[in-house]
Amino acid sequence: MQGQANHFYRYAPEKIPYGINRYITETKRLYSVLNDRLADREYLVGSGKGKYGLADINTYPWVRSWSWAGVDSLEAFPNVEAWLKRISERPQVDSGLDVPEPRAKQPPTKEEEEKAAEEARKWIFQAQK
């Protein structure tokens, strides 16, 4: 769902309000499910408080990109925010985010996001020719 939100919000050649709203709303609903799951645990799976594992590893990059998908804030999802922080503080995750090349240490500005989206949009539509 978040991939569709990414597409309609960032890459579609025309802005389709229904598609944008539909997939951003569904992404937020799924964040709500994730938030509920994390209400009394640190990680997604495992007994007790959970154990860091593949579910976290696979989910983290998507949720980390929440603003790219048009989600305006994680304020409604405090458990998700805490989970993101917990995972981002793991040294292996931090170093892994610099592969294949070092990343910016600060979140991009709206202008930088738009520039990156425009470059990606060109690449996507060129590949479809």
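Yeah, the Cβs are placed from backbone N, Cα and C, and that goes for glycine too.
The annotation compositional bias 'Basic and acidic residues' is assigned in TrEMBL to 100-118. If you look at the compositional bias 'Basic and acidic residues' (100-118), the same-chain residues 6 or more away from its ends with a CB under 8 A from one of its CBs are 10-11, 67-68.
Taken from TrEMBL, the feature domain 'GST C-terminal' covers 1-108. Mean model confidence of the domain 'GST C-terminal' (1-108) amounts to 93 (pLDDT, 0 to 100 scale).
Residues or ranges marked as region 'Disordered' by TrEMBL: 92-118.
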